[in-house]
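Since the structure comes first, as structure tokens, the remarks are kept for the end.
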Amino acid sequence: MAPKKVLAVVLAGGEGKRLMPLTADRAKPAVPFAGSYRLIDFALSNLVNSGYLQIVVLTQYKSHSLDRHISETWRMSTLLRNYIASVPAQQRRGKSWFLGSANAIYQSLNLIHDAQPDIVVVIGADHVYRMDFAQMVDAHVKSGASVSVAAVRQPMNLVDQFGVIETDPDDPGRIAAFVEKPKSTPGLPDDPDSFLASMGNYVFTTDALLKALEDDAARLDTKHDMGGDIIPYFVERNDAAVYDFTTNEIPGSTDRDRQYWRDVGTMDSYYDANMDLISPLPLFNLYNLQWPIYTRQSVSPPAKFVRSSSGQSGEAHDSIVSAGVVVSGGAVQSSVLATDVFIDEAAEVTGCVLLDKVHVGAGAVVRRAIIDKNVRIPAGATIGVDPDLDRRRGFAVTDSGLTIVSKGQVVPPG
Ligand code: ADQ
């Protein structure tokens, strides 16, 4: 098979409402994850490791920290026409911002016309996984369809959060029906508690994508959404193939690790995905250097664990601890600490995700909480111990009892 010229389009302009308050001030793909990464690093690492080096990232909503991260971290040589370019909404087709994910691509068609690819790979920017898109592109070309949709099984309780794929029993590689975020769906024949979810990753034959976007733009009854409008457009024409994520091979990965895929769309799933990394045999392995996940290297000094002035030792167990962290006489358990976090003496941090530069004062107790960047927790304060008290102090508390303190929130002492 002759190699195909591929342009990758990363959709990074969504608001990420369900990740509030972490997305109050930043785009969802820029949300920090696993200590030193941003969510978008997983999508971009997958593309680069797949050998796809012409990548445009379509940004819009509160995109400053995302644009900065891309330009500082993902600088690439323009030699050989390799690039990762962050492209903000520019109103190239009239006076509206991106109306939906399909409209984001429609407004950016100049990028496709410039690159003249055979194939356009379109992916989201807010999932944690490893995937070799070159294998999906090969399968797409073999399928003869105009679009291929990557698919993975998900538990039935999440059905209203995903595009649901029904395959054709006579031709299991074809999509017979596709419904975006239905209230319910029949389970799979061999597993009634699961359904087949779209991963929001698509491979298109370029001409077919261009025609679908033009047709969509001319319609009135559309939300200009990839999952809601463009994929159903191809399914109605019996022209959509499914790509089974579980067949994707990753060098250096165990079966468990290579089948890991998490949509970190809500605070609870964001928290759980962080926790998946810290068990002794983690569900997702950040240490597979045959398929590295790239990110910005911090200039902070190495982490250290020291005795406080009163002689109490600083320690961390079953935790990820990033550069610049100082644990000075406090105890950290089952937590993810981002860069430059400081834990003072006799403080207890258990089951937490602390983002950059969080300061936990002496004797403070923080449990099952996500603490956003720069928050200072005063000496003796408690967070995550009494959910009603947390709510009264203006912190978000999820149904599962997870407390979130957002950027700029002041934690009262005591
Ligand atoms: P969602 O993630 O809920 O479902 P959406 O909110 O459209 O769909 O986000 C998809 C991607 O597009 C995200 O990376 C987002 O940042 C981006 N995006 C959203 N609106 C945008 C806009 N106006 N401009 C630019 N980018 C935008 C999708 C699919 C489902 C699938 C799930 C998998 O629609 O079918 O099951 O992803 O998580």
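Note that the numbers count up from 1, one per residue, in the order the chain is shown.
The backbone N, Cα and C atoms fix where each Cβ goes, glycine too.
No curator has checked TrEMBL annotations; they are predicted automatically.
Feature annotation from TrEMBL assigns domain 'Nucleotidyl transferase' to 8-277.
Per TrEMBL, the feature alpha-D-glucose 1-phosphate binding site maps to GLY163, GLU180, LYS181, SER198. Listed in sequence order, the residues of the same chain lying 6 or more apart from SER198 (alpha-D-glucose 1-phosphate binding site) and placing their CB within less than 8 Å of its CB are VAL149, ALA150, ALA151, PHE162, GLY163, VAL164, ILE165, PHE178, GLY227, ILE231.
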Notebook entry, point to check: Which number gives the other C-beta atoms within 10 angstroms of the C-beta of LYS181 (alpha-D-glucose 1-phosphate binding site), all protein chains shown included?
Noted result: 12
Margin query: Highest Cβ count within 10 Å among the binding-site residues GLY163, GLU180: which residue is it?
Written below: GLY163
